[in-house]
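Take a look at the structure below.
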Amino acid sequence: MDIFLQQLVNGLTIGSIYALVALGYTMVYGVLKLINFAHGDLVALSAYIGLVIMMQLAGALSPVLLIITTFIATMIIIATAGVILERTAYRPLRKAPRLSAVVSALGASLVIENGIMLIWGPMPRIFPASAVPNANYNIGNVYISLMQVLVLIISFVLMVALYFFVNRTKLGTAMRACAIDQDAARLMGIDVNRVIVTTFVIGSALGAVGGLFIGMYYRGIHFNMGWIYGLNAFVAAIIGGIGNIPGAMLGGILLGIFNAFISGYLSSSWALALTYVLLIVIMIIRPTGILGERVAEKV
Amino acid sequence: MDTKKIVSYGVFFAALIIVPFIFNSNWTSVFTTFLIYSAVALSQDIVLGRAGMFDMGHAIFFGLGAYSTAILNMVYGWPILATIPVAIILPVIASILLAAPIIHLRGDYLLVTTIGFNIVFIQALKNNVFGITGGPNGIFGVEPLKLFGFSFSSQTSIYFLAFFVLILTLIIIHNLETSKPGRALHYLNEDSLASECIGINTRFYRLYAFGLSAAVAGLAGVVFTLQFSAVSPDAFDFIQSVLFFTIVLVGGPSSIPGVLLGTFFMFVVPEMFRQFAEARYLVFGIAMILIMIFRPKGIWPVKFGKIPNYITKE
């Protein structure tokens, strides 16, 4: 029972990180119908940028202020990178065949990944152990580290904020309208370009938080980690139903818990394979994901 | 085939024949890789370009072919020649079994599911499933192919073996283009619902495309094993599948010259820029974006003879 609860806590932590990254995929897919393959690499980039900022400011600020500054600065930088990505790689292809945009996304992913390698080198980098004080809380026989508490609380707050943004604000409504039908949205007077830029800003900023969490939680970061974290998060988005924001959150958390249980009870070397077996099974049973709606084939 | 086509293929083949005689063995090996990957890219094109299905797990079939030969030779002691039929048939069976339950999925879902298959495949190889795949290091020391007492062990002989496989692939694709299944795939790609309405069994032809492309990829896998006399999981990772996917789209779907050109850019050009090894994938990424912006249909898009423009337009 203790192992069960412990793995549940670990799974929830990893799952919240996946969920944050998955939101970026699902929002872009919702609006542009494009798998943003470069999103995972933006997540990796955010871990590197966060590390640089943290090292630069290490002595100058108090620990709490240091963390807050790192998060805010990284989110701003990655959001800018997301907007540049949209401008250069996706906007010129908006009227092109869909597969061209996919190749452009793959190209952008190569550029970011190898850019990271050229700047910071091919060796893994390690986050300082002191980034977050290594405190453990003991509830019954279950250990929760301060880092895990932070991940859970911040992710929860961000997801609730996003939910209210999308459902209660004007811009959020415009975003949902664009996801349903861009042309109709344009006819209703919605500035579609502005909505798409907003989507990239929010998606990238959430991905930046995910990337920083990955860095601080696992501590080791690698220039090509974007692919595997990105794909896992993308699987989370698909499991939940791609284009569906609560779906991405649910999918991320389910995937994290699933992963943790596989690692805990079976073996960690099969965890990745079983994640994709889960994906394939869900695709066969429910091709649009758990919360996804059935889409009628347009004739 | 018109004269222009015959002449250009003649020049292309003639150029390939003289390669091993004018280049040293390092470059011959680079061009061998080019020939092998061309065959795989052309087989990927059957599924992606001709049938219009987003398959991003094509390295599975390439890898199954390569691993079948290596395992049968090293673990069970079969001669290479006897392993070739297995290395063709096994990928075909696998492709049909894998594709059958997911063939109805729409574009992006199919793409992600096939990536999923590829990742499961690599994990199985790395975890040394059944104890015969050699784990993360793969299998080393596969024998050369022996045919009528001649042993294909020199780089030049393997080059011509790969050349033979590429010609075989081109013949298969030429036959496909002019046959009933080829036309069926073309209609399927244009409009699957309409093709179903005119009596094309879409499910059958989709599986047909997967099976045929898996057979070609499996055969190319055999030559891959022979070239390196080894196999390792990393050569068949999903990143490789992504690469084949990209080659077809950058070169031009269902265009043979386009796919060959794409393979050339992705495999031979990087070798020429070895001194910039570090930055070359960065440059490639930029090139991919630029090519897609300026030529969204690929570098050398296929032109359909007499079909009016308003039909071929997206």
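Just so you know, glycine gets a Cβ as well, placed from its N, Cα and C.
TrEMBL entries are annotated by machine, without manual review.
Here TrEMBL flags A:12-32, A:39-58, A:64-85, A:97-122, A:142-166, A:195-218, A:230-258, A:265-285 as transmembrane segment.
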Criterion met for the transmembrane segment (A:195-218) and the transmembrane segment (A:97-122) (at least three Cβ pairs under 8 Å): no
The transmembrane segment (A:12-32) vs the transmembrane segment (A:142-166): 3 or more CB pairs under 8 Å: yes
Rank A:39-58, A:64-85, A:142-166, A:230-258 by Cβ pairs under 8 Å to the transmembrane segment (A:97-122) and hand me the top one. A:39-58
With the cut-off at Cβ under 8 Å and a gap of six or more residues from its ends, the chain residues touching the transmembrane segment (A:39-58) are 21, 24-25, 28, 66, 69-71, 73-75, 77-78, 81-82, 85, 108-109, 112-113, 115-116, 119-120, 125, 127-128, 131, 203-204, 207-212, 214-215, 221-231, 233-234
